């Protein structure tokens, strides 16, 4: 029994590892083919990551990447492809910034209110896709993509000065006004800069995710529905309710993605509030295999590539090298997971065959089933 | 068993290597700090970076000129799409630490970041283009009266139009581009009260592809042409070239933006139909700031570039435009009136 577990863990790690190694090799090949020194840009990136302020940037970025990936992973576990994390977090950040700037409450309450509003808005926006899927069978892939575009338009309209927005004197930016200091999340100050306090909440949420999925009835239902909807339904799980619930939870977590930045850095939603984190989250959830620890490492890896590659242009290389690396990682992940999966099945079959031949048929079958 | 273990070990080892790189280190990114006696200036670009044929390229042209004329070293840094304010702070900090002076942020998105970084480097001058809201003793706010140049374009468009319908295409619906729209519409209406202005925006923020995708500009221009517009003014960065292409292909007038697009190599095929361009002298502003720092009299506070100092204006490289006496006269008169403050141009439509 123990031996089997070890095998499973190794196989689980082999996928991402194979992906990373092949992505690394492919990057080197691409660099060499384009006539650039293939090793030096990578050296520059690693050197960049040695600097304290870049490290802080990586940690902070990994924090909100982690949230985005968790939001995506909750859907994935249920076989729901929530591509709408991007629109959900932007709308949530915008609305909660408006609310945060409008009220003044004692510190913790103020922050709590902003966070709850963000979760509510994110859940609401994802819930639309959930209802469409549960009631009308609309593919959540299509509806969430469209909701992203609608969120963009809604935000653009809401942020106009005649609505909820605000244009500071002499500025060409539009903001939602500044959140008073009581709504700022305390940060951990280090020599290299501030680590947003919310980053720790993000990672703590990973533990909650693990617990809810693996140690609760809800998590079991969710995984069961994800594995086979009809089988789950036959054993008494209400699949439609599960779709709705997981979409709402996914959206609520997505609503938190903008919080580290909103509460820790900008204290306002403006035109340059980052967009596209939701899509990065999909990459990270894939790479991390929807596992909270896997996602943790994947978030750091992608944050490292993003932030370390931004120093490439001052060193005379195109910083798009980082984008190429990320793209290659995604391709490599998909291929290597499939390869490892097939290899695992083949090995299992071989093993069963061997043991059958050795005459331990009944015992082994039980193990395989487990 | 053996085989998996081997694959896994190799994998884990390489992953650990990549990840451990993030975990160690104690310096901060000023390692190459200001030991150099060589003078240098730095630019941090807006989204799109160098090669956008527009705003960022204009800033680069100013830096290039300074490199040649003032014998300084230029440094550049580009943003990544979807980055946060923290990335901008980090970028400016690094440029300032390396001893660049001035450090120029191209675009209003740098305003909050410059406010933070400027306090940490009181001896460095920071240039902030297109924003006047964040000020400080070592911040030079380089701002332009885009609406004035656009007003003149409106006058020229109204005079050159035969159908009485003209079009405005804005790249992304942000306050900056609305200034262009406001000036243009006012110029058209003041010249010909019966004229109709069709205004279209290509995208909404935070989708900034309206500054980057020529096909969007082309489609919008075709729509306006089919509604009878015969002069189209596109304030849409690179996307504007699509609008120019569409207008020129149908033999209608196009008005360029930011730099004199009649002289742009990429548009030479359509240049006969580029009536004029609303110029915005970003390169001059960048150069002037660098020069002021080199001369020891660093600019600070608001540095405004309007029609009076030729900070904005209309280009007259197209010989056909120069031969339109009536149009030229009307534009000259409007220009004189704006400078004399007889006409106040609105900054919002």
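Quick reminder: no glycine exception, Cβ is built from N, Cα and C everywhere.
Automatic prediction, not curation, is the source of TrEMBL annotations.
The feature transmembrane segment is assigned by TrEMBL to A:56-76 (among others).
Annotation comment: TrEMBL describes A:88-105 (among others) as transmembrane segment. When Cβ-Cβ distances below 8 Å are used as the criterion, the transmembrane segment (A:88-105) is approached by residues 68, 71, 113-115, 117-122, 125-126, 147, 151-152, 154-155, 158-159, 164, 176-180, 182-183, 251, 254-259, 261-262, 268-269, 273, 275, 277-278 of the same chain, each at least six residues removed from its ends.
The feature transmembrane segment is assigned by TrEMBL to A:111-132 (among others). Long-range contacts of the transmembrane segment (A:111-132) within the same chain: residues 71, 82, 84, 87-89, 91-93, 95-97, 99-100, 103, 105, 138, 140, 143-144, 147, 151, 179, 183-185, 243-244, 246-256, 258-259, 262-263, each at least 6 residues beyond the stretch ends and with a Cβ under 8 Å from a Cβ of the stretch.
Residues annotated as transmembrane segment in TrEMBL: A:141-160 (among others). Packing against the transmembrane segment (A:141-160) from elsewhere in the chain are residues 81-84, 86-88, 90-91, 94-95, 98, 125-126, 128-129, 132-133, 174-176, 269, 271, 278: each is 6 or more residues past its ends and has a CB under 8 Å from a CB in it.
Here the transmembrane segment (A:195-213) has long-range neighbours at 56, 59-60, 62-64, 66-67, 70, 73-74, 77, 185-189, 219, 222-223, 253, 256, 259-261, 263-265, 292-293, 295-296, meaning same-chain residues at least 6 beyond its ends whose C-beta is under 8 angstroms from one of its own. What TrEMBL records for A:195-213 (among others) is transmembrane segment.
Outside the transmembrane segment (A:243-263) by six or more residues, the chain places 60, 63-64, 67-68, 70-72, 74-75, 77-78, 80, 82, 84-85, 88-90, 92-93, 96-97, 100, 111, 114-115, 118-127, 129-131, 133-134, 140, 179, 183-185, 196-199, 201-202, 205, 218, 222, 225, 269, 273-274, 277-278, 281 with a CB less than 8 A from a CB of the stretch. The feature transmembrane segment is assigned by TrEMBL to A:243-263 (among others).
Look at TrEMBL and you will find A:269-287 (among others) tagged as transmembrane segment.
Here the transmembrane segment (A:294-312) has long-range neighbours at 16, 20, 41, 44-46, 48-49, 54, 57-59, 61-63, 65-66, 69-70, 73, 203, 206, 280, 283-285, 287-288, 318-319, 321-323, 325-326, meaning same-chain residues at least 6 beyond its ends whose C-beta is under 8 angstroms from one of its own. Per TrEMBL, transmembrane segment is recorded for A:294-312 (among others).
Under 8 Å from some Cβ of the transmembrane segment (A:324-340) lie the Cβ atoms of residues 11, 14-16, 18-20, 22-23, 26-27, 30, 283, 286-287, 289, 302, 305-306, 309, all in the same chain and six or more residues away from its ends. Here TrEMBL flags A:324-340 (among others) as transmembrane segment.
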